[in-house]
């Protein structure tokens, strides 16, 4: 079977009150259009056609790597007109699945069932299969009209509906599947004699009835699958729906969330056994948490891997890091891209790292900046230590070998190497390589000024 998918993404999204096209607004860390394209890809179609119009160049430039065929709708004359723009690119014998870019939570299984419905009754001549839903509040959506035999014979849009039709709770989702040859016959016959003055795709139902093409429907099991986004309130509602489902899936697999309503996933999160996640944590990109990991409140992890038994304390930010087993991080720590910790390391409060590689058992417990640095095993970095890695033009590396003890308030001016088991005295500024097994310090002699008096505040005139 040749499957062609059309995604409608040309709408202006006026009710978003935004300069950003609606389909580029984010849900769970990804643009709405990306959600729909990724779902479509799972159906293994022969092609995905995205119909763009308003803000089209911005959409294309923001999502340059989407595996789609872009089709321009120069004038936004309605959903039927939008689908018509793609038809010259689609073979007559292909099956066409029409999706909306602002309906992001449609599920693959539902779409597979709808495609099967479009073939089930008459494999040689496709039926028109519609995805419908029963909603308690169907306001704003097209209503399904059935005859006395329960057969669909029309869809009436909200703006064209009378009060009797508005009381119907069965709605059309905007998702349908049929043979391309059917669409090529029906779409040129659409009329714009309606309240909007547009060519509605829903009018193909009456044309199918006239042509005696069978119409079948599939009712979505979950109402969120057919919920569209037209304003920021609806975007927020679907965001919470997505997050609640993600939280439930994690808990079903054994993770503990302190509060599933205060959890945000903006990518992929993989948890081992007995993982604990406190409130207000954000996970972005791909995050892997090993067995027994604990994440404290208000933490942000982006593209991070944590080994077994790690604990990240409150208000810590980790990005692009690989952390081995039994490490402790925070509170208020910031680990930037390129940070790697071997097992049993500690990064304490108000420590920032960047391109820092720690070997086993190394600790930096307080108030330090460690950038472009290699640290050996069992190094102790005192409070206030800074690797001075930038000369105003280039970055330089600091190497600290095994067993080094660095006293508090030390500046290491890179490039510099500190030899194994060396000790650096507190308050030192190290500009040259430090020999192993020795004490090195830069001494400024302490002086006492006897008889010195503090200044006295002058009386004002």
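Just so you know, glycine gets a Cβ as well, placed from its N, Cα and C.
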Further binder of acetyl-CoA named by Swiss-Prot next to 383, 389, 390, 426, taken from the candidates 408, 444:
408
Cα within 10 Å of residue 102 (Mg(2+) binding site) - qualifying binding-site residues among 22, 354, 426:
22
Rounded to the nearest angstrom, how far is the Cα of residue 380 (UDP-N-acetyl-alpha-D-glucosamine binding site) from the Cα of residue 366 (active site, proton acceptor)?
11
List only the single closest residue to residue 383 (acetyl-CoA binding site), chosen from the binding-site residues 10, 78, 142, 230, 354 by CA-CA distance.
354
Check the Cα-Cα distances from residue 380 (UDP-N-acetyl-alpha-D-glucosamine binding site) to the binding-site residues 389, 390, 408, 426 and tell me which is shortest.
408
Taking every protein chain in this structure into account, which of the binding-site residues 8, 10, 383, 426 has the most other Cβ atoms within 10 Å of its Cβ?
10
Least surrounded among the recorded positions, given as 22, 354, 366, when other CB atoms within 10 Å are counted:
366
